[in-house]
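**Student:** Per TrEMBL, the features are:
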type	residues	note
DOMAIN	1-117	domain 'C2'
DOMAIN	156-291	domain 'C2'
REGION	420-460	region 'Disordered'
COMPBIAS	443-452	compositional bias 'Acidic residues'
DOMAIN	672-799	domain 'C2'
DOMAIN	846-973	domain 'C2'
DOMAIN	1066-1184	domain 'C2'
DOMAIN	1296-1447	domain 'C2'
REGION	1500-1519	region 'Disordered'
TRANSMEM	1547-1568	transmembrane segment
Amino acid sequence: CLSCIGYIPPYVTVVEARQLVGLNMDPVVCVEIGDDKKYTSMKESTNCPYYNEVHASFSFSLCFPHIPSPLFFYSDRLETVIHSKNLLRSGTLVGTFKMDVGTVYSQPEHQFYHKWAMLSDPDDITAGCKGYVKCDIAVVAKGDNIKTPHKANETDEDDIEGNLLLPEGVPAERQWARFYVKVYRAEGLPKMNTNLMANVKKAFIGENRDLVDPYVQVVFAGQKGKTSVQKSSYEPIWNEQVVFTEMFPPLCKRMKVQIRDSDKVNDVAIGTHFIDLRKIANDGDKGFLPTMGPAWVNMYGSTRQYTLMDEHQDLNEGLGEGVSFRARLLISVAVEILDTGSSEIVSSTEVSGFVSFSVRRSKGDCPVYSVVEQDFFILYFFVQSATGKVEEFFLFGSFLEATMIDRKIGDKPISFEVTIGKSPQGGGESDEDDSELIQQNSSEDEADDDADLVSVSSTPPMKPVITDRNYFHLPYFEKKPCIYIKSWWQDQRRRLYNSNIMDKMADKLLQWIRAKCVFIFSRFVTLANKDQHQAGRTKLDKERLKSCMREMESIGQQAKLIRFQVKRNTVRDKLKIVQNFLHRLRFLADEPQHSIPDVFIWMMSNNKRIAYARIPSKDVLFSIVDEETGKDCGKVKAVFLRKGFGPAGWTVQAKMEMYLWLGLNKQKKDFLSGLPNGFEEIKAPRTQVFQLRAHMYQARSLFAADSSGLSDPFARVFFSTHSQVTEVLSETLCPTWDQLLVFDDVELFGEAGELRDDPPMIVVEVYDQDTVGKAEFIGRTFAKPITKMCDEHYGPPRFPPQLEYYQIYRGNSTAGDLLAAFELLQVKWPHAHTQLPSLDGHTDSDRGPILPVPMGIRPILSRYRIEVLFWGLRDLKRVNLAQVDRPRVDIECAGKGVQSALIQSYKKNPNFSTLVKWFEVDLPENELLHPPLNIRVVDCRAFGRYTLVGSHAVTSLRRFIYSPPDKMQQNWASSGSQSVQDAFPVLIFSITMTDDIVLLVYNKELEAEFDNFEDWLHTFNLYRGKAGDDDEAALDDDRIVGRFKGSMCMYKLPLSEEITREAGFDPNLGMFQSIPHNDPINVLVRVYIVRATDLHPADINGKADPYIVIKLGKSELKDKENYISKQLNPVFGKAFDIQATFPMESMLTVSVYDWDLVGTDDLIGETKVDLENRYYSKHRATCGIASNYSVHGYNVWRDPLKPSQILAKLCKEAKLDGPLYGIPGIYFVCVCVFAGMKRQTDEHLALTVLKHWEEIPRVGCKLIPEHVETRPLLHPEKPGIEQGRVEMWVDMFPMDMPAPGPAIDISPRKPKRYELRVVIWNTDEVILEDDDYFTGEKSSDIFVRGWLKGQQEDKQDTDVHYHSLTGEGNFNWRFVFPFDYLMAEEKIVISKKESMFSWDETEYKIPARLTLQVWDADHFSADDFLGAIELDLNRFPRGAKTAKQCSIGMVQNEADLPCISIFKQKRVKGWWPFVARDENDEMELTGKVEAELHLMSAEEAEKSPVGLGRNEPDPLEKPNRPDTSLMWFVNPLKSICYFLWHNYRWLILKALGLLLLLLLVGLFLYSFPGYLVKKMLGA
């Protein structure tokens, strides 16, 4: 059964993004759900933008199946997309992330919190991750209570790989894959036009064409693909495939396949099927990729008759359970993994090879491939062999009984129609194409002996007969109408057989756990392998068989172990394991590849379809093996026909007792084998006469059907063609009818033995009697009687029957419980009455001829006394526009009760003057059979009128049952006596002194931690008004009209006299001794509001301007002037003092409002605190017990009473002797000895005792420690959905006690002013981007840019180092960044206006991160980005000492390197790398920078000021740059000289050397002759 949810608000908070791929981008995040899109603001020039923006204004309708199916949504997806925008170009897609909305809803608390979504690009599958987006996603439905998880450490959240936005079990590393959906053909399509249009077409065109133009649309993971349109075809053939590219495993688990009718105006869905990828794949170690078919899938939706206004069109879209067969489609699914690093492709099935394809692009997003014409016959024969052999099937049905027919349709003849697939020949609808889906001529060998048998799908019309004034029945007595239907389907019975086997295993799992699992497993293997080589077995069939065998083996082994491990303390854990077995078996039993369509049974009246029932074909499928047979095959089954969903489907239109059989036509001889003995074909069946006794004892927790919040219930019991009703009890939700209904002369058809084992079903409907109009339906339950045959003895153990509770259902929700017993007694004529057990007891004279429940069945009663504590009434609303002034409380249980004292003036004092009253009543000894206790509040008005204000039903009295203590515990208070030592051992506590100050922070309300402070005073909500159903807006919270405060104590009489003899026992108070007086008391209430978190945005900019409003009684404090601008996580740090008087002013309301400049302020959320229960609780919630006792300092003791005074008061209230101060450092309390250090004072010792107060025997309980509680903020118009949380605590001080000290200052921490001085000394190895126009050499004009995150508008640049030829740059340039910093939160605080139109500044808290970038300056174009580094000032790697030691590993392996904090180091200098991503999306080194970071406080910076750049004061030296860093036109001669020397120095040196050598040689040749002559002449 499917149900639709109307408004489902998803909450998406985009926190930040990291590691976005791209250079100098301006990123924007787009969140898309369905057709709705929301954008964040744009962040400029950053790859790591910080948003923290909420987008929650999505609304759409979703549907999901009820239990036991897993929860998933049918439509809509969630996409997170990153864009990069600037003024010159439109948005450029960086990456996407896709996930089903249902995947979010199936998570714990229905949300992902602070998870990183990994972005990818489906158009670039070779690329890796495109970045990460940190976000919160929550999907809430009506009634869900979404709680924000406790925030983890920010360091843990920054671990991206460990906090990916992935469901459990999905690997972090996912690959790209292609999903192939092949669409072959469809059959059995209904006509999608009127007969009038068909006649018009026939007149103009001259031919009678099919009235449908179908095409197939496939939607998956936000992508859409369509096949071609086949014009005018009821049996279209496509042979096309749609291909999707998506990450594997996909986060979108469902694929939507839809047949649509093409129309010029608007395309209409014919039928929809959803493929669950989890059911066609297995992610285990021995699993398989998604694969399916070729296989037929059946589509269901609205009825097949075409109408212009189809009220059930949503069913054709897949939103709900279909009421008729629409079509079936032959498809297959395959997946192939794309290994981008290898040419090999891992495929789930053969994707190509058996046929060639031609490619075309569809209207959708995905390519569609069409089969080439010459390969059509190859594909045809492949499909025929893959889907299995066509066999003739035979469906037989017999209507044994038709009762509970609604009186509205009882005046006209009624018939029943049975269909399987499309309407068969010979019956049902009169379509022109009224033929079988698949026509197959039987061969002579397979000819039937009774081939002349014509299919008959409808019963003959018959006029109903009156059963009573509300229902009719059809006179199906001796002759039972039957239907016969022949149809032809592919023989895929093995799939259904396997499902039936696993269903039966699940049904009998608890019985079979003991030693039968191995037998079942072996039996399954034998049967499943029987048809292993049958034609039509797909790869999915084979893989599912292997998976099922492995699961069976695993379950069998675990079940063996459970048998020997079950013990009393492990039963609950073992039961969870068994429930897991059931879940696994049910999942495996759901066959994704369909075969035979479901069977539909329609009730027809006046040629109109009135009501239907849908029966899965596998449930009535026959097999010669009992384990494979459907659970309802060949059996008489009760079938209820209904109209549809919601309230329209609650009223039963008819109840059928049917016999159904489905099997092969060749097995037809067995179709009557399951009929009850006594039935024969055409002959009259045997008749058995019975008497039914319905023992209707009582009901509880019924649905409130009247505006008073009560009902006037009566029960109607149906059995066969008989019905009777109980008496009507006025104004109660827990009626005790105590009535026996006797059905005489009930004729049942069949053999007596079978009727004993499987009697017909009894239907019990509960109604609310209204004075005007017909009775209103409350709920329905079913029961089977215990049958006694005439030859059996009426006695134990079966008789008399025991009372049992039967759950009453109203639609899909529960509507109470019925306590009753049913027995069916066979009688034989003529001595019928003498054979039956006598009816003991006489009719009640006061109630007329009504038989009470006999004594043997009525529970054994004992005398009980119920004491009621009447404390007071609270928050009573008006009744009939009049205020409640003189209320009274009436208590009733089992016909007895007591009334409270009358409150004379509810406004002045809403408490009762008489506290305790009691009454005695006879109740069952079995506590489970105790009737409810009813609380009714009436207002006593003038002239003796009483008006009902509200009521409450206490369904279980178990928690109020008093158990007297044993003898040993009664003497526990005798201090120092021997009995104390006998009763309890002496408890010794050793105390160690500690100076640690502990403030306990509860991540929930204090009431949830301490049981709503109902240790002795309970609160009962009073209800008035008609209860709401699941699909209506009314909730129980809307029906609350007030609260009754009090308690009950129930005990069996007589009570032990030892209790009443105790010292100080007040008989007027009964068991409520030592309770305080309920007189008005003046209290000082001090409310501390620390902060609010995760507030729901109230403004269109995704923010809110919150402020606090405190309301207590008539006092209201507004802190509107101190609103916090544009914050969703505001820190208030406020304390409010209010004087109140209990009980008139006891409900504290803490509201958070959104401040608006124009108009009224909007309520964001509120929380209510019941101060009265806290004040009177034994847990002492008035003021938390501090961890240390301090007289001075910020942790000064807040309570007016010192620890020793508190301890003495507690001992007095508990009737204990006061604490004994004996030896220094030792404390005696009751039987406990607290030993501490000698130097500890009595106050420290008393404080330690208070911390261990729960360990004091009998009277001890945990005292509230000093704490901060976290309370959810709720909006009255959005019940159950948190609008944020507020952290707070409340102190209460009686005005008659010493006055407390001043409130503690919890104002938010003020950020400290710092100044970060960054000196850029040098750069090295910066990549060279420019090419010289004349010489072609590489160079760069380097400059460095820096800013603190969140202060991009205050970015600072160095001067330009022109024409760097080596990547070296010299700057000596100082950046100065002043900022405000919160040391505790490690965040920079920035206050600025968002735009020029903003009214005031917005405060942002941003992680402290310094960004440094290196750029190449250009004069006539945009500067070129070269690289960047981002340093987290709280944890960043220490800089390298030299440029050579600086590497890219300082960025890639940052987590493995030792990190430092500038806030601790104060000053650090070193080399850090600049990095950027190359074309292959890989990190590369683009330069190095030598920088010095110096952090100074504002005071230190003021004492030693510095200038920006190289300016005064404290100027930096001018860098020693080479001459070539100048521009060519400034000093061209130097530049030319440098250029020649830099590029040709070796050539110049060689030329000079050669010239010198030539000069020497020339000189040698010149001087050699003269020198030689001189030597020869001897001169």
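Cβ coordinates are placed from backbone N, Cα and C, and glycine is handled just like the others.
Looking at the shown structure, what environment does each listed feature sit in?
**Tutor:** Within the model, the domain 'C2' (672-799) carries an average pLDDT of 86.
Counting only same-chain residues 6+ beyond the ends of the region 'Disordered' (1500-1519), those with a CB under 8 A from a CB of the stretch are 1315, 1317, 1319, 1356, 1358-1359, 1361, 1370-1376, 1378.
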**Student:** Looking only at the region 'Disordered' (1500-1519), how are its residues distributed among DSSP helix, strand and coil?
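**Tutor:** Its residues divide into 4 helix, 1 strand, 15 coil.
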**Student:** Mind checking how the domain 'C2' (1066-1184) divides into helix, strand and coil residues in DSSP?
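**Tutor:** Across the domain 'C2' (1066-1184), DSSP assigns the residues as follows: 9 helix, 53 strand, 57 coil.
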**Student:** What does DSSP give as the helix, strand and coil breakdown of the domain 'C2' (846-973)?
**Tutor:** 13 helix, 58 strand, 57 coil
